[in-house]
Amino acid sequence: MNVPSVTLNDGNTIPQLGFGVWQVSTDDITRAVSTALEVGYRHIDTAAIYGNEEGVGKAIFESALKRDDLFVTTKLWNTRHQDARPALEESLTKLGLEQVDLYLIHWPVPTQGHYQQAWESLIELKEAGLTRSIGVSNFLAPHLDQIIDATGVKPTVNQIEIHPSFQQADLVAHTRGHGVEVESYSPLGLGDFDLDAPKKWATELGRTPAQIVLRWHLQHGYIVFPKSVTPERIAENFALFDFELPAEAMADLDACEAGKRCGGDPATFVAPNR
Ligand SMILES: NC(=O)c1ccc[n+]([C@@H]2O[C@H](COP(=O)([O-])OP(=O)(O)OC[C@H]3O[C@@H](n4cnc5c(N)ncnc54)[C@H](OP(=O)(O)O)[C@@H]3O)[C@@H](O)[C@H]2O)c1
């Protein structure tokens, strides 16, 4: 199955569908990523704070896939905004890679006041060849505006929480207004399928609710990377390219907006000591 590519504003491309590994334990990580690579995923989304970069690296090494055929994202944790180069070097050592494809500032932590400095460091890390592309995560409109105004360099992506019950339409529009791609995290609302629309369209189209929700993300143009440690679900979440949602289904899922966030609010989220 061919996963579409998205061209980023720096000219690099990213597979629109990937595999997320937040909350995948060190016991499960290598098996889960190996399963994903066997199924056909070529884009892995991890982070230093997930504590599983070594296991991701082991699965990549054991897969014997060519480096160029893989897209690996990791993220700078909140305590390292003033210390980005060693932080990325530590991630690269754990991953067993010389370069990641995408390095993100995980959270802006505006109360700390160092995200612009972190962004300036990421620009240097790209120039130094330690990452092919750079971006941000959990950035609200003022945070995006500040780093772009200060440096003239736009992030390639803003990775933000999006699922049918929490769609962030204004932030999506603001992000795209800068020519920045939107990556939707917790795309399945952390596995909460207590919504009628995905269930109804799953029955109608002979798919699963998860597949309906993931198609909704893809058809909105989001870059998406569902997480699962369950082999059947890893395969199910990849089987998305032989059907489409009709406009009526898209409208039904759009109508699920409920302002229901699963994760932290970037305006206040800190968690610096984890
Ligand atoms: N930048 C950030 O701050 C941030 C925050 C959160 C997430 N992320 C990224 O986004 C990725 C995905 O988000 P997420 O992990 O928060 O949650 P998610 O992908 O929305 O949901 C994962 C949950 O859904 C379940 N699930 C997966 N596929 C399913 C299916 N086909 N049917 C039923 N249940 C299914 C999983 O269960 P099992 O694993 O038990 O199968 C797991 O409990 C993360 O792994 C991470 O890479 C980034």
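Using the three backbone atoms N, Cα and C, a Cβ is placed for every residue, glycine included.
Taken from TrEMBL as is:
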- 17-257: domain 'NADP-dependent oxidoreductase' (DOMAIN)
- Y50: active site, proton donor (ACT_SITE)
- K75: site 'Lowers pKa of active site Tyr' (SITE)
- H106: substrate binding site (BINDING)
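Shown here: features listed in TrEMBL, placed on the structure.
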residue : record                               : DSSP class
Y50     : active site, proton donor            : helix
K75     : site 'Lowers pKa of active site Tyr' : strand
H106    : substrate binding site               : coil
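When each of the recorded positions K75, H106 is scored by how many other Cβ atoms sit within 10 Å of its Cβ, H106 comes out lowest.
Here the CA atom of the residue listed as 'active site, proton donor' lies 11 Å from the CA atom of H106 (substrate binding site).
A simple way to gauge crowding: the CB of the residue listed as 'active site, proton donor' has 22 other CB atoms within 10 angstroms, across all the protein chains here. Rounded to a whole number, the distance between the Cα atoms of Y50 (active site, proton donor) and K75 (site 'Lowers pKa of active site Tyr') is 9 Å.
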